[in-house]
Amino acid sequence: MSVRPFESPPPYRPDEFKPNHYAPSNDMYGGEMHVRPMLSQPAYSFYPEDEILHFYKWTSPPGVIRILSMLIIVMCIAIFACVASTLAWDRGYGTGLFGGSLNYPYSGFGYGGGYGGGYGGYGYGYGGYTDPRAAKGFLLAMAAFCFIASLVIFVTSVIRSGMSRTRRYYLIVIIVSAILGIMVFIATIVYIMGVNPTAQASGSMYGSQIYMICNQFYTPGGTGLYVDQYLYHYCVVDPQEAIAIVLGFMIIVAFALIIFFAVKTRRKMDRYDKSNILWDKEHIYDEQPPNVEEWVKNVSAGTQDMPPPPSDYAERVDSPMAYSSNGKVNGKRSYPESFYKSTPLVPEVAQEIPLTLSVDDFRQPRYSSNGNLETPSKRAPTKGKAGKGKRTDPDHYETDYTTGGESCEELEEDWVREYPPITSDQQRQLYKRNFDAGLQEYKSLQAELDDVNKELSRLDKELDDYREESEEYMAAADEYNRLKQVKGSADYKSKRNYCKQLKSKLSHIKRMVGDYDRRKP
């Protein structure tokens with residue numbers, strides 16, 4: 001069943017609003033309205049974002065970060081396996097296992113056992129030549145760091161820790177990913193130079209000797225000679241070494257994607273309210289549709305012992321009607337008391353089907369047992385972070401629809417009596433002056449209301465970044481509570497209602513002028 005309150009209009013979306021431009025006479029206004037058409041001014045507080053961000057899904061930005069961190073873990077393990085499988089050939093160089101086997105007839109310089117004993121000198125004694133063992137060690141070290149960092153990111157995201165749901169956490173992820181990505185890039189380049197000696201031999205003092213030794217493995221004519229396995233693995237890039245190089249670049253790309261999605265997550269957290277972000281999946285729907293017949297029987301049986309609804313029930317029902325303190329709707333008459341007191345089924349429905357409500361109902365204001373609206377406020381901490389409750393209701397937002405169908409019609413009738421259809425250009429000019437004056441007043445009043453709501457939203461986000469024991473938290477909480485009192489005052493509510501009346505008046509005048517312009521020949 002639909003959970004939208006009865007007679008509730010559809011939600012207003014600023015991006016779907018199409019203004020109804022009217023074309024005034026050029027001889028009267030000089031074409032000014034053609035150049036600057038009057039557009040609706042969407043208010044920050046009256047048009048909240050209705051989009052819900054499901055950050056618990058694997059396809060969401062945090063979910064993609066979890067997937068990428070898991071892939072980095074797998075690629076780091078693969079790099080360990082590939083690089084470790086080639087370390088045995090490097091140990092042979094240092095111990096001189098192949099001795100005179102390198103003393104080929106065409107070498108002419110007696111490389112022999114001297115190469116085996118002086119292999120390490122290439123990397124440290126002469127400079128400009130990368131030791132393969134040092135390059136592999138560097139890549140293994142960076143793979144270990146990436147493995148640990150990715151494991152931490154994955155674990156903190158999967159266990160749904162509170163730290164992983166803050167903007168500061170994703171800022172740390174961005175910084176760590178950038179550092180590790182740069183270091184892995186350097187390690188991969190060094191590894192390429194280390195496992196491919198001919199790539200770094202040009203311009204070095206041992207370039208000609210290395211080319212002479214390794215040339216036999218690059219030409220088909222040398223296949224008949226005795227092939228030393230240690231020298232072969234030194235001169236030729238093994239398949240597992242090539243795989244390690246490719247995995248190194250893939251890790252760099254993965255870290256770049258993590259940075260992108262972490263920045264995207266931070267932007268969404270800054271743009272949307274916390275109540276619009278779902279970090280955990282809400283199981284709010286039953287496995288099977290409810291039995292309607294049993295539900296009706298339970299409701300009918302429960303009406304005997306149900307206490308009568310409180311007198312302020314009209315203020316507690318989540319409907320699009322704004323009730324004033326004197327029981328009127330925006331200065332007009334409201335429904336009679338018998339309308340909502342004669343049927344006790346509405347409170348019973350609220351008690352019987354709490355599990356079939358949609359996600360939007362969990363974002364509605366809560367009510368206490370005595371029927372009063374509970375307005376959350378910031379308070380001094382009692383037991384550290386454990387005593388801090390999650391603010392799930394965006395109480396500093398209101399929707400523009402606060403009048404029911406009957407009250408809107410009555411209000412429209414008043415504007416029709418005050419501003420009847422235009423019959424002459426003089427009357428149109430008078431309407432235009434009233435429209436301009438009302439528009440300026442509406443913008444000024446709307447800006448005043450928006451300042452309060454924007455400040456509430458800013459303080460709400462700042463309080464999550466402060467420790468509850470700090471002085472900054474206490475000062476921000478006091479200011480938050482003060483603004484909540486200002487917003488709950490009668491002066492603020494009267495300004496809000498007057499602002500909505502002004503908007504209705506301006507819309508009516510605009511429609512009258514547009515109708516007159518369309519009727520003109």
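The backbone N, Cα and C atoms fix where each Cβ goes, and this holds for glycine too.
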Legend entry - Listed as phosphoserine by Swiss-Prot, one of Ser368, Ser377: Ser368
Legend entry - Residue from Ser407, Ser457 to which Swiss-Prot assigns phosphoserine: Ser407
Legend entry - Topological domain name match (Swiss-Prot): Arg133 vs Val237, membrane: yes
Inset, instruction - Report which of Ser164, Ser311, Ser334 appears in Swiss-Prot with the annotation phosphoserine. - result: Ser311
Legend entry - Annotation match for phosphoserine in Swiss-Prot, from Ser300, Ser325, Ser342, Ser470: Ser300
Legend entry - Tertiary contacts of the transmembrane segment (242-263) (same chain, 6+ residues out, Cβ under 8 Å): 61-62, 64-65, 68-69, 71-72, 75-76, 78-79, 82-83, 139, 143, 146, 153, 170-171, 173-174, 177-178, 180-181, 184-185, 187-188, 191-192, 195
Inset, instruction - State the residues, same chain only, that lie 6 or more residues beyond the ends of the topological domain 'Cytoplasmic' (159-168) and have a CB under 8 A from a CB inside it; answer 'none' if no residue qualifies. - result: 62, 266, 269-270, 279-280, 385, 464-465
Inset, instruction - Tally the residues of the topological domain 'Cytoplasmic' (159-168) by DSSP class, grouping H, G and I as helix, E and B as strand, and everything else as coil. - result: 6 helix, 0 strand, 4 coil
